[in-house]
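Here's what TrEMBL has on this protein:
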type	residues	note
DOMAIN	11-381	domain 'Major facilitator superfamily (MFS) profile'
TRANSMEM	12-33	transmembrane segment
TRANSMEM	45-63	transmembrane segment
TRANSMEM	75-94	transmembrane segment
TRANSMEM	100-122	transmembrane segment
TRANSMEM	134-157	transmembrane segment
TRANSMEM	163-183	transmembrane segment
TRANSMEM	204-228	transmembrane segment
TRANSMEM	240-258	transmembrane segment
TRANSMEM	270-288	transmembrane segment
TRANSMEM	294-315	transmembrane segment
TRANSMEM	327-347	transmembrane segment
TRANSMEM	359-376	transmembrane segment
Amino acid sequence: MTSNKLPKFTTIFVLLSSSALTIMAGALIGPSLSLINQQFHNSELVAMLLTMPSLAVVVTAPLAGKLMNSIAKKWLLVIALALYGAAGSTGLWMDSLQLLLLGRFILGVSVSLIMTVSSTLISDLSSGYGTSKLLSYQATAMNLGGVIFVGIGGYLAQLNWRMPFSIYLLAIVVLILAIFFIPDTNKTVESHKVSVDSDTWKSIIPFYLLGFISMFLFYQIPVMYSFIVTNVLNASPTQTGVTLALFSIASAIASMQMAKLFRRYTEYQLIALAFINYSLGHLFIAIASNWPVMITGGVLTGVGLGIAFPTINKAISSRSDLNNRGILMSGFVSCYFLGQFVSPIAVQLMRIDTLQSTFYISSAGAFVLGILTINFKQEIVNTQSQLG
């Protein structure tokens with residue numbers, strides 16, 4: 001019987017810290033965008049500072065999977081963290097908006113590397129129920145990291161538009177810890193020797209699609225929520241920020257429960273549950289005319305993401321091996337951020353009349369997907385027999 005292996009606490013801390021850095025990469029400077037625009041007077045390019053990292057992840061994540069076959073994962077993570085700190089902090093000293101955009105693109109490249117490598121290492125260094133626990137903790141760390149760091153970024157933006165960029169330098173601390181506490185497995189494989197058979201691709205691609213749709217649905221909240229609560233409830237920026245943080249906390253709490261749920265339900269059943277949560281959450285937001293209904297909708301949507309992300313991550317992990325896991329994980333990372341990138345564009349096309357109308361459409365779509373997914377036939381994946 002395969003043991004429920006977990007790496008050392010220090011290794012877990014580094015992997016979870018690295019994962020937390022990825023989720024804050026794009027949103028961290030959100031509170032300071034208006035101040036940045038006052039500096040450069042180009043609202044279109046300034047807005048791209050927020051979305052550029054996601055675009056870079058979509059484009060470069062497949063490369064991250066291939067690099068893991070020629071560079072030891074530990075040192076690829078160290079390189080990625082160095083890039084993250086250097087590129088993320090460009091706003092501290094650069095006075096050119098074009099160079100800032102270049103820095104944001106390089107930041108996205110580092111995010112694709114960090115997220116792919118950290119997710120792969122979690123599966124490589126653990127086994128059985130230990131893997132399930134770590135994937136749950138990873139999703140929790142990402143959600144809590146977003147709440148904490150974006151909140152700090154909002155405070156620092158009040159001091160100066162450049163100050164939030166200093167938070168990216170935390171990657172240097174994680175880098176130093178990674179050098180000491182991430183084991184050097186020395187397991188690399190020449191890229192041409194790595195192959196994924198057609199049966200594996202057939203089992204993985206549905207999860208790529210579900211990951212894309214999941215992030216697309218969740219990201220409607222940060223894209224549209226502030227406009228809706230301002231128009232419908234006359235919300236202040238503080239009220240908007242606090243309730244958005246609450247939704248991320250709900251997602252983190254849901255993620256913490258996933259290791260137990262993995263033992264009782266199939267992956268498709270859990271993903272169906274996530275989409276039903278998305279459907280109900282979006283419906284509540286669509287009909288909301290008061291705070292309790294609006295908050296309930298956001299919390300349900302957050303719970304949906306808290307269920308979906310670790311479940312899809314685990315599904316891909318359990319269908320991969322040490323040689324092809326990096327390639328398969330990089331595909332998920334690319335689809336995940338593609339959903340984030342496409343969501344702001346698509347919601348404008350979905351709008352019928354009011355801002356809330358987009359949530360009626362997405363609620364109906366999520367409900368249909370939930371019903372379809374729950375009927376997929378699959379045996380419960382035994383976490384005791386996960387591939388190492």
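A Cβ is built for glycine as well, from the same backbone N, Cα and C atoms used for every other residue.
Unlike curated records, TrEMBL annotations are generated automatically.
These numbers come from a predicted model, not from an experiment.
For the transmembrane segment (12-33), same-chain residues at least 6 beyond its ends with a Cβ under 8 Å from one of its own Cβ atoms are 6, 46-47, 49-51, 53-54, 77, 81, 84, 88, 91, 107-108, 111, 114-115, 117-119, 121-122, 125, 134, 137-138, 141-146, 149-150, 153-154, 156-157, 161, 163-165, 167-168, 170-171, 174, 177-178, 181-182, 222, 340.
Mean model confidence of the domain 'Major facilitator superfamily (MFS) profile' (11-381) amounts to 89 (pLDDT, 0 to 100 scale). Across 75-94, 100-122, 359-376, the stretch most heavily in contact with the transmembrane segment (327-347), judged by Cβ pairs under 8 Å, is 100-122. Taking every recorded stretch in 134-157, 163-183, 204-228 and counting its Cβ pairs under 8 Å to the transmembrane segment (240-258), the highest total belongs to 134-157. Here the transmembrane segment (75-94) does not lie next to the transmembrane segment (204-228) in space: the count of CB pairs under 8 Å, restricted to residues six or more apart, is fewer than 3.
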